[in-house]
Amino acid sequence: MGALAVFAVACLAAVASVAHAADTKKPNFVVIFTDDQDAIQNSTHPHYMPSLHKYIRYPGVELSQYFVTTPVCCPSRTNLXRGQFAHNTNFTSVLPPYGGWAKWKGLGIDQSYLPLWLKDQGYNTYYVGKFLVDYSVSNYQQVPRAGTISMPXVTPYTFDYNTRLQRNGATPNIYPGEYSTDVIRDKGVAQIKSAVAAGKPFYAQISPIAPHTSTQISTNPATGVTRSYFFPPIPAPPHWQLFSDANLPGGSXNKNLYEVDVSDKPAWIRALPLAQQNNRTYQEEIYRLRLRSLGPDELIEQVVKTLDEAGVLDNTYIIYSADNGYHVGAHRFGAGKTTGYEEDLRVPFLIRGPGIKASKSDKPQNSKVGLHVDFAPTILSLAGASHLLGDKGLDGTPLGLYANDDGTLPSDYPRPEQHRQQFQGEFWGGWSDELLQNLRSQPNNTWKVVRTYDESSKQGWKLIAQCTNERELYDLRKDPGELYNIYDKAKPAVRSRLEGLLAVLAVCKGESCSNPWKILHPDGTVKNFTQALNSKYDRIYNAIRPFTYKRCLPYLDWDNEDSQFKTQIRGANPAAGVGHHRLLTAASERAIATRRRAQAAVSAELADGPAVFQAKVEEKSVPVPQDILKADVEKWFAFNNAEYYLA
């Protein structure tokens, strides 16, 4: 090679090195995202999750007032990645037609959400584990636009603790004798090693199914009926004997275990029987099995050690959270989620990383309200892309991490004068207990909730509006367990202000979600709930018509949900936006079913280059045999019992 050529190569190498160095100044992100983990019933206690505290909480911070807004997996995961409430994504259920993989794609969510926004900022993105329930054996060839390397779990294997996973559209693999959380841990660690080797900033999400129930889909050979069966979570073999002395925390501040008097609760809750001793004993064991299944704690340790050995730990944000909360034995319930009560809405959120002051404490060091819709704006801001926040139609705002700034948090990280002190939650559909078969399902569990929290006084209020238009109001400072519905006894000013907030937040979009006071008080005189309680505003709030439902529906229909602010916030025809509920005709259902069957028959694996690092567990993996895969496709069709579900 001539001297000139050598010089040219050297120059190119120098430019590449400088570019690489500049690129790596951006922080990395590792998100560990569990399934159905509560923040109320002590699941994150250091006795049960010591690594969570050692490796994330003590060198970072826990947000004590962190909530989901739709407490069920797939809509909540969509809120997280899109930064929008479910009434703005119109992704409102786990399965079609109101949720599911096809609706996720049909709404265009996979065309514009957090992983793709980060890729546009020069990031590699990685994903392994639970994705959407309806991402299944019938459609796995359609690779989620979620990452450089994407390894989502595939239904009906998603909630099998002997898991199957696929990689970038290839046939799902079985991992004989391997435990789900261990497989996801090993593959997540391998992805991190691959990400570091690639030399670009990265976002890696690791989503174990724990501590979700173990779920099987089976066909009764005698009747031909296919249905799902829920069982308590299955711990890893070494963990079966752990925490045998653990009991449900009935003596906690909430004190709502097996609530005797539910006369002030909605009619459908009053219809639930009080748990008898045999069911209480069973629920105690469910609780212990949930604790024993928290293998993600070991995952945390492996992730931190991998980042440390790679020399990137100090430039990496590590986040731990869950898709929704969970209750065992609260009120009259058995085990599950989907209600508007605290057990289901509150989830853990812990973070460490550059710019965040170490708490070095067992006590939460940040009590600013945070929501899943705030997650995407937070990541963008930490990644140096806060300039994008106004371009993505986000309902959320960055989390209050500025309260824990060690002086090196990005200078453009938003620091609002007034942090969010109120939010809304919502759910559409029925209620059923996951594990107590004696509790009858209830069809009318569609609801909205508005919740406030004043960081200085610790005062919190909650108003729940059921689709039957029954109301519940709780003073959360005096009654954190939501035992005493004071709707008829509360001061009129408190009730009217909460009704006013709900009327705005139930239909909010964009800025009105984080700052409803701008709608209620356009002159800017009121910026929080405490100020709104001033008697001089009584006439304003007494004139506001309460939010109501016309009837109970299992889906979002703007004509069914009435607020006097709907036109002001959403325009004259809100159904024309993303929130449109599109009914399918019989002809379109048949066409969709035909197309889906054709797609499900495709067996050719997508071409894909090997990862830089392969998890050792891959040595044991084998593809799911085609005859079993075909049978499972038919089983999944039969389970859904409506062909357009798989559209």
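For all residues, glycine too, the Cβ spot is worked out from N, Cα and C.
So that you can see what the record holds, here are the features copied from Swiss-Prot:
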ACT_SITE  C73  active site, nucleophile
BINDING   D35, D36, C73, D323, N324  Ca(2+) binding site
CARBOHYD  N42  N-linked glycosylation site
CARBOHYD  N90  N-linked glycosylation site
CARBOHYD  N279  N-linked glycosylation site
CARBOHYD  N444  N-linked glycosylation site
CARBOHYD  N528  N-linked glycosylation site
MOD_RES   C73  3-oxoalanine (Cys)
SIGNAL    1-21  signal peptide
Based on Cα coordinates, which of the following recorded positions are within 10 Å of N90 (N-linked glycosylation site): D35, D36, C73, N324? none
Which of N42, N324 (the recorded positions) has the most other Cβ atoms within 10 Å? N324
Report, in whole Å, the straight Cα-to-Cα distance of C73 (active site, nucleophile) from N42 (N-linked glycosylation site). 20
Three-state secondary structure, C73 (active site, nucleophile) (per DSSP): helix
Glycosylation sites considered: N90, N279, N444, N528; fewest surrounding Cβ atoms within 10 Å belongs to N528
Can you tell me which of the binding-site residues D35, D36, N324 is spatially closest to N528 (N-linked glycosylation site)? Compare CA atoms only. N324
Residue with minimal Cβ packing [other Cβ atoms within 10 Å] among the binding-site residues D35, D36, D323: D35
Within 10 Å of N324 (Ca(2+) binding site) by C-alpha distance: pick out those among the recorded positions C73, N279, N444, and say none if nothing qualifies. C73
Mind giving me a neighbour count for C73 (active site, nucleophile)? Other Cβ atoms within 10 Å of its Cβ, every protein chain shown. 24
Per DSSP, to which secondary structure element type does D35 (Ca(2+) binding site) belong, with helix, strand and coil as the options? coil
